Amino acid sequence: MAVNVYSTSVTSDNLSRHDMLAWINESLQLNLTKIEQLCSGAAYCQFMDMLFPGSIALKKVKFQAKLEHEYIQNFKILQAGFKRMGVDKIIPVDKLVKGKFQDNFEFVQWFKKFFDANYDGKDYDPVAARQGQETAVAPSLVAPALNKPKKPLTSSSAAPQRPISTQRTAAAPKAGPGVVRKNPGVGNGDDEAAELMQQVNVLKLTVEDLEKERDFYFGKLRNIELICQENEGENDPVLQRIVDILYATDEGFVIPDEGGPQEEQEEY
């Protein structure tokens with residue numbers, strides 16, 4: 001039977017979006033680029049098969065699922081596995097299948113803790129287990145470039161920014177030759193431009209997801225701040241500690257003057 005995990009609070013142990021994708025891709029040998037792609041439920045089903053062999057009817061899991069009713073079917077298989085192994089967790093299927101970042105990110109944070117509590121380190125071949133199937137990729141815009149970010153994602157579990165910088169450094173050597181080739185008019189320049197555009201599209205999606213993640217946590221902090229302000233006159237020491245944490249700044253940090261950023265930009 002499974003070891004249940006009930007903690008859902010945000011802690012320092014929680015992984016960032018990039019680290020979470022790196023863990024999933026490395027563990028299951030997938031090419032996921034967005035947390036939202038977990039909405040199909042297929043990855044969770046395979047993780048359950050890894051943790052508890054035989055708990056999931058993996059042959060029935062649709063790794064190429066692209067429609068909501070297919071996602072729901074996968075989550076039904078996952079629910080059956082949870083029930084079989086005594087996992088005391090309600091899966092918010094109706095929210096997850098919508099493919100929203102916030103809902104999927106919260107659930108995968110819990111699932112990572114559940115995985116860590118139950119994984120015994122045994123060998124597992126994810127590709128053979130799913131008979132070579134790959135998960136369907138929703139954003140067709142970046143489909144040709146999916147193989148490129150896989151290496152930086154799986155090689156970095158400590159630096160969320162590393163996938164971005166790796167792609168930039170990889171593109172730099174090609175930019176020079178690309179400019180030189182324009183003069184002779186060789187067709188290779190078009191291929192190189194297309195490749196660079198693919199990398200730009202991947203970076204744009206990465207920035208978009210980072211902004212969503214930022215707004216998600218900022219919204220939580222803003223709600224906490226409002227609650228503290230509503231109860232400001234109660235002289236609650238716990239409340240005061242929360243306020244102190246909310247407004248704390250790094251040592252040596254100075255709020256810039258209104259003209260500060262403008263002057264810096266001009267010098268730049």
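One-based numbering along the chain as shown.
From the backbone N, Cα and C atoms, a Cβ is placed for every residue, glycine too.
Given the structure is predicted, the values throughout are model-derived calculations rather than measurements.
Between Y119, Y124, Y217, the residue that has phosphotyrosine written against it in Swiss-Prot is Y124.
Here the candidates are S12, S155, and Swiss-Prot annotates S155 as phosphoserine.
Residues K34, K59, K89, K220 are shown; Swiss-Prot lists N6-acetyllysine for one of them, K220. In Swiss-Prot, the feature region 'Interaction with APC' is placed on 206-211, out of the ranges 26-31, 68-73, 206-211. Cβ crowding, taken as the number of other Cβ atoms within 10 Å, peaks at A2 among the modified residues A2, K66, Y124, K220. Within the domain 'Calponin-homology (CH)' (14-116), the DSSP-based counts of helix, strand and coil residues read 69 helix, 0 strand, 34 coil.
Cα of A2 (N-acetylalanine) to Cα of K220 (N6-acetyllysine): a span of 31 Å. In this structure, the CA atom of K66 (N6-crotonyllysine) is 26 Å away from the CA atom of Y124 (phosphotyrosine).
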